[in-house]
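A.B. asks: From TrEMBL, for reference:
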- 94-128: repeat 'PPR' (REPEAT)
- 129-163: repeat 'PPR' (REPEAT)
- 198-232: repeat 'PPR' (REPEAT)
- 233-267: repeat 'PPR' (REPEAT)
- 268-302: repeat 'PPR' (REPEAT)
- 303-337: repeat 'PPR' (REPEAT)
- 408-442: repeat 'PPR' (REPEAT)
């Protein structure tokens, strides 16, 4: 079967003159411009703040989050930048703004600076909320400093808060989420009688034991919950069903679902999701479909978790037709998958079989306005390149650039390789030259492949000219690598 290729399928994404006329600073994102100030090694806070004020960017709370969440700034630099940013007009001095810097410092384990910002927050008259407290506690627990999180809970009064039911639930949730269920249980028993529990408190503990498949502990917690005057709800039953599934007691999970219906407690989406997850773990897809249909017939609708679980399971077992059907139903219901989930759907389809199914997922997602990640585009380009679908490959490349993604070296390699596979050498040479002009030097394997194809086609003159250009680009690349190893940035 011959692939129809346009007469001139290739065009440069950016003219050469346009690239040469633009300033180097214009290629940087706003957050990169602000982070670049700290690479200049300026002396003194005043000099740094003046340099930050001279950067031509429109400062917003989202931009502040991008600066501190990404890059490699140190703790002191992050705090200095935030203290400057919070003084700028249009930036609110509220709990959410402080939450952004506290979360960023906690993720990088700059705990001293994190506590310092928390104290500064209180001095400025901004009262921390539960979101801020959760970020601090979760940072300690993620770094396996559970005692620090417990000390934080005991000393909440220093920050204008009291150790009450809500703050206890926040700490228990952080502990159970990070599988520190033993510490959560010790705290739960220690504060019993001192702090009043609610239904959420018991559900958090049941969810923690559920992740470990500890059926006896789940049953003990539910009994204590009933003795305290609380009635188990759908969240409780969903955690019980999930825990029984992890313990391999699928039949008992089915009995709990039937018991719910007998007691008049109508199962919701979370309960059905737990049942579907249990049968996915046992590779029983007939039962998965059965409970999925039961969910559709109930008064509740499937959510993103339902569709993601089913699609991922079907793709893993190479049941592509079922996965495509569920994916289409999800889009029709108006549920748009996030970028990461969409990439996880495309990735297995690009590991086996032709790229037809992966392209179907891509086209349907794009039709419904889903955002496609650069990694997803790379997976598709690589698969199309391998199967010699150059027409689809070039169209996909254009759509990738229209969506705002810029081509990197991997993208150029996939395009060149795909054009070489079907013998479109002239277009492959044009793409190679564009990559070299933009500072990308494809791998030696791709360069050798194109060079050998040109020699086999008796186009020696073009092969020699391209060889000289690649040689110069390789020399420049080696020089830049040497500069950067020595800390020289040009």
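Heads up, the Cβ atoms here are built off N, Cα and C, so glycines get one too.
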A.B. asks: Helix, strand, coil: count each for the residues of the repeat 'PPR' (303-337), based on DSSP.
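C.D. replies: Each residue of the repeat 'PPR' (303-337) counted once, the result is 26 helix, 0 strand, 9 coil.
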A.B. asks: By DSSP assignment, list the helix, strand and coil residue numbers for the repeat 'PPR' (233-267), in that order.
C.D. replies: 26 helix, 0 strand, 9 coil
A.B. asks: Across the whole of the repeat 'PPR' (268-302), what does the mean pLDDT come to? Round it, please.
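C.D. replies: Summarising the repeat 'PPR' (268-302) by its mean pLDDT gives 93.
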